Amino acid sequence: MQSWSRVYRSLAKKGHFNRISHGLQGVSSVPLRTYADQPIEADVTVIGSGPGGYVAAIKSAQLGFKTVCIEKNETLGGTCLNVGCIPSKALLNNSHYYHMAHGKDFASRGIEIPEVRLNLEKMMEQKHSAVKALTGGIAHLFKQNKVVHVNGFGKITGKNQVTATKADGSTQVIDTKNILVATGSEVTPFPGITIDEDTIVSSTGALSLKKVPEKLVVIGAGVIGVELGSVWQRLGADVTAVEFLGHVGGIGIDMEISKNFQRILQRQGFKFKLNTKVTGATKKSDGKIDVSVEAASGGKAEVITCDVLLVCIGRRPFTQNLGLEELGIELDPKGRIPVNNRFQTKIPNIYAIGDVVAGPMLAHKAEDEGIICVEGMAGGAVHIDYNCVPSVIYTHPEVAWVGKSEEQLKEEGIEFKIGKFPFAANSRAKTNADTDGMVKILGHKSTDRVLGAHILGPGAGEMVNEAALALEYGASCEDIARVCHAHPTLSEAFREANLAAAFGKPINF
């Protein structure tokens, strides 16, 4: 016999009670009660609301899928928006302004300020307000696009089911046709060093220090290490980065660019110990930290004492306790989820994108994957050329690149030609009194096709997108050289470098 609750639900769906209430005075309909433990029905369930997850969720909803996005944290946006890309750019920008005002830069421009003081608390407030506005923006976009947001830790509990466990222990089950894992990454711990986010910090703690440390040691001179090291160096800290490799800027950076970049940072006061490894760190009774280092190849040990130790040795995929192994989805040796070219795991309706799959751990790479992944679910084509994904270091000057480096082309045996143009010869850079760096273009020797672009200088992060567009559409160096660029602009340096690559010489150098 059909239960009363099922009869009630059936009548409610048909609007039976509404018709009764309209027909009888004094009788009103009783709204159908929903229970937290009743499953939510979805077409697509996204686990994680970082750049890959939230973009995928919105695109999914725009394509007509009933979409749920599960996020374990209180705010949307993932690491990038809350404790990564966004807050770090606020501090990089504001610390650069302080550095200009506090040093000789403003005075050289005829701007004389008697006393420049740092209000770190206010600087942190501005960072927080930017983060708050953007996280709120995602919540608004979810509402606007009808994405259902479920707060809790998402775990796959069946090939068509995800269970979100909330902070209070309660659960919400989502029955879903497709599952998309976009859980991002977490800080890679350093063996033997415990991060307390007070004096031994990860990138998260480095974004919220209560005061400027007298001496800061950074383990790692990759992208995150030089960015956060730059922030505190500009604000007055004595900063030393210890790097195992023999160059700064991390994997993928062109070596000529890296060497010039290092020289500029050193001129600003940033110190580096390259080809050096950290063997341990000890907290002393006075609160300071002794960091033990030695040559990467082995040798005499040395101790560097600091007030704050920043650990920046990379990130690892956040793939534990997601229920993958229980379904037979095994991780690769680096903890990543194996997927095919449509981002499907070995279970076709379970997908993965972003930092949990192979490729660079970049927010914009995750965004692209999120969009094309759900387009693929809808039957569309799935294509991404990872050679066209740009990388940026947001120091001052900025560093940006896309495509192959000179070292990679040599290793692959590809014949190439080089075009360079210094910002010192660019009129806009001259008027801005900001002339460090250059643009370096790598073109195919016989076809002239652009193979790589490497930029060190002001606005490099914006300029590199022109290069990414050129690579995506297979442009030649001459194609770019023949595009009229507005004058005076920094982007003219990009055109001039392509002129040099295509014709052997630029115009203005």
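Here the Cβ of each residue, glycine as well, is placed from N, Cα and C on the backbone.
If you look up Swiss-Prot, you'll see HIS487 marked as active site, proton acceptor, on the strength of similarity to another entry. HIS487 (active site, proton acceptor) counts 10 other C-beta atoms within 10 Å of its own C-beta, drawing on all protein chains shown.
According to DSSP, GLY222 (NAD(+) binding site) is assigned to coil rather than to any helix or strand. Look at Swiss-Prot and you will find GLY220, ALA221, GLY222, VAL223, ILE224, GLY225, VAL226, GLU227, GLU243, VAL278, GLY314 tagged as NAD(+) binding site.
Residues or ranges marked as N6-acetyllysine by Swiss-Prot on the basis of a large-scale study or a structure entry: LYS66 (among others). In this structure, LYS66 (N6-acetyllysine) belongs to neither helix nor strand by DSSP; it is coil.
Taken from Swiss-Prot, the feature N6-succinyllysine applies to LYS66 (among others), supported by a large-scale study or a structure entry. Sequence-distant neighbours of LYS66 (N6-acetyllysine): residues of the same chain at least 6 apart with a C-beta under 8 Å from its C-beta are GLU41, ALA42, ASP43, VAL44, VAL148.
Taken residue by residue with DSSP, LYS104 (N6-acetyllysine) is part of neither helix nor strand, so it is coil. Annotation for LYS104 (N6-acetyllysine): no spatial neighbours, criterion Cβ-Cβ under 8 Å with sequence separation of six or more. Look at Swiss-Prot and you will find LYS104 (among others) tagged as N6-acetyllysine.
Feature annotation from Swiss-Prot assigns N6-succinyllysine to LYS104 (among others).
Annotated N6-succinyllysine per Swiss-Prot: LYS132 (among others), in sequence order, evidence recorded as a large-scale study or a structure entry. All chains included, 12 other C-beta atoms sit within 10 angstroms of the C-beta of LYS132 (N6-succinyllysine). A helical conformation is recorded for LYS132 (N6-succinyllysine) in the three-state DSSP classification.
What Swiss-Prot lists as N6-succinyllysine is LYS143 (among others), and the listing cites a large-scale study or a structure entry. Summarising the environment of LYS143 (N6-succinyllysine), the number of other Cβ atoms within 10 Å of its Cβ, over all protein chains shown, is 11.
The annotation N6-succinyllysine is assigned in Swiss-Prot to LYS166 (among others). Around LYS166 (N6-succinyllysine), the same-chain residues six or more apart in sequence whose CB sits under 8 Å from its CB are ASN151, GLY152, GLN172, listed in sequence order. LYS166 (N6-succinyllysine) falls within neither a helix nor a strand when secondary structure is assigned with DSSP, and so counts as coil.
Annotation for SER285 (phosphoserine): no same-chain Cβ neighbours under 8 Å separated by at least 6 residues are found. According to Swiss-Prot, the phosphoserine annotation covers SER285 (among others).
The N6-acetyllysine annotation in Swiss-Prot covers LYS410 (among others). Taking all protein chains in view, 12 other C-beta atoms sit within 10 angstroms of the C-beta of LYS410 (N6-acetyllysine). Classification of LYS410 (N6-acetyllysine) by DSSP places it within a helix.
A simple way to gauge crowding: the CB of LYS420 (N6-acetyllysine) has 17 other CB atoms within 10 angstroms, across all the protein chains here. The DSSP secondary structure for LYS420 (N6-acetyllysine) is strand. Summarising the annotation, Swiss-Prot assigns N6-acetyllysine to LYS420 (among others) and lists a large-scale study or a structure entry as the type of evidence.
The N6-succinyllysine annotation in Swiss-Prot covers LYS430 (among others) and is backed by a large-scale study or a structure entry. Note: LYS430 (N6-succinyllysine) has non-local neighbours ALA424, i.e. same-chain residues 6+ apart with C-beta under 8 A of its own C-beta. Mapped onto three states, the DSSP output places LYS430 (N6-succinyllysine) in helix.
The Cβ of LYS505 (N6-succinyllysine) has 10 neighbouring Cβ atoms from other residues within 10 Å, across all protein chains displayed. Taken from Swiss-Prot, the feature N6-succinyllysine covers LYS505 (among others), and the record attributes it to a large-scale study or a structure entry.
Positions annotated as transit peptide by Swiss-Prot, on the basis of similarity to another entry: 1-35.
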What whole-number distance in angstrom separates the two most remote CA atoms of the NAD(+)-binding residues GLY220, ALA221, GLY222, VAL223, ILE224, GLY225, VAL226, GLU227, GLU243, VAL278, GLY314?
-> 20
Within 10 Å of the Cβ of GLY314 (NAD(+) binding site), how many other Cβ atoms are there?
-> 16
Distance [Cα-Cα, Å, rounded] between ILE224 (NAD(+) binding site) and LYS132 (N6-succinyllysine) | 22
Whole-Å Cα distance, HIS487 (active site, proton acceptor) to LYS132 (N6-succinyllysine), is 37
Check LYS143 (N6-succinyllysine) against DSSP and tell me helix, strand or coil, would you?
-> helix
